[in-house]
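Colleague: The structure is given below, and queries will be raised subsequently.
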Amino acid sequence: MGNKGNLGYLIFLWATLVAVVAMATAQRPFERTKGINGLEKIIVRDDRGRSFEVYLYGGQVASWKNEKGEELLVMSSKAIFKPPIPIRGGIPILFPQYANTGPLPSHGFVRQRFWEIDTNPPQLPSNSYYKAWVDLILRSSQDDLKIWPHKFEYRLRVHLGTEGDLILTSRVKNTDVKPFNFTMALHPYFSVSDISEIQVDGLQNLNYLDQLKNRTRFTDHDKTITFKSQFDRIYLSTPNDIRIVDKKKQKTIVVHKEGQVDAVVWNPWEKKVEDLGTEDYRRFVTVESAAVEKPITVNPGQEWKGILQMSVVPSSLSSRKLDVKKVMHSSSY
C-alpha cells in the first residue's frame, strides 16, 4: 500500500506539473529576444511553423511568414533601428495623427515609443481561432501630454488565425476627463513580386485625395489600380475588403478592415526616400487601413476598436468572403 500510495502521489505531482507548464505555455505563446541593435522583439509561432515578429519599439510588426518560411512583409534595406527614428517597413502604427493633417509631427508619435507587453489584457475567446498571439499596450506619458494633451491607452493584439492570416486588433481608450479626436492608419508594407506586375482591386468609382496634388479630391473611374509611377492616394469611405493581385506569384493579398473607413495606397516609385533602398520600391505596396477625412472621437472612459486582417490566398480563391466574424464577434477582445 505504501508503494502504491507513493506512486499515486508521484503521478499526481507529474500531472500537476504538466498542467502548470501547459497553462504557462498557453498564456505566453511567444519568445522575447533581442533584435537589430539590441532592440527587444517578440517572436510568435504557431504549430504549423507560421510566425510573426513585433518590436516593442513602435509596437511594430517587422515580419510575417507563412508555413513555407516565405516573408509576406517588406522591411527597407536601409531601415534604421535607432530610436527615436521610426522603423521603415513592416507595419508601422500611425497615431494619433495621420501624416501632416494636424499640428503633431507627421504620422504622430506612437511609432517612436517603447510599448510594453500587456500583462492584463482582455480575455481570450473560447474558440480556436486564436492560434498564436501577443498583447501589447502603450500608455500616454508626461512627455506625450506636452505635445498631445490627452490621456490614452492603446492596446494592440497581434495574432495568427487558423489559416495563417495576420490580425491586428487595436483598442484606444480615453483615460482622460474630456473627449479627444484622432486620425490614424496601420501602414503595412506588403511583399510583392514587382510593383509593375500587380493591381489593387476594390476601390473603383470612389473619391480619393491625391497626396501628390495637395490632397485635391478626385474620383477614380478605373477598374483597377496599376502602378507606373509614384502613387499616393487616400481613398474615402471604402469597402471593408481590398485585394492586391500579384499576377506573377498568382496570389492575392486580401486586406480586411473594420473601424477605419478610409484606405491609403502608396508606392514612392523612384522618389528618393532617405531610409529606403533605391530598388526597394519594386518589392512592396502599401494598402493601409485608415481614418483620415473624418477623425474618430472617443469620449472619457470609452474606447474605439479597429481590426486589420491580412490573408494571402491563391488568386483563384481571392473572390471568396473571409470569415472575419470569427475575429469580430467570437472575441471578447
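Cβ atoms here come from the backbone N, Cα and C positions, even for glycine.
Just so it is clear, the model here is predicted, and its values are computed rather than measured.
Just lifted these from TrEMBL, have a look:
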type     : residues : note
SIGNAL   : 1-26     : signal peptide
ACT_SITE : HIS187   : active site
ACT_SITE : GLU288   : active site
Colleague: For the active-site residues HIS187, GLU288, which Cβ has the most other Cβ atoms within 10 Å, all shown protein chains included?
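Modeller: Of HIS187, GLU288, the one with the most crowded Cβ is GLU288.
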Colleague: Round to the nearest Å and give the CA-to-CA distance linking HIS187 (active site) with GLU288 (active site).
Modeller: 5
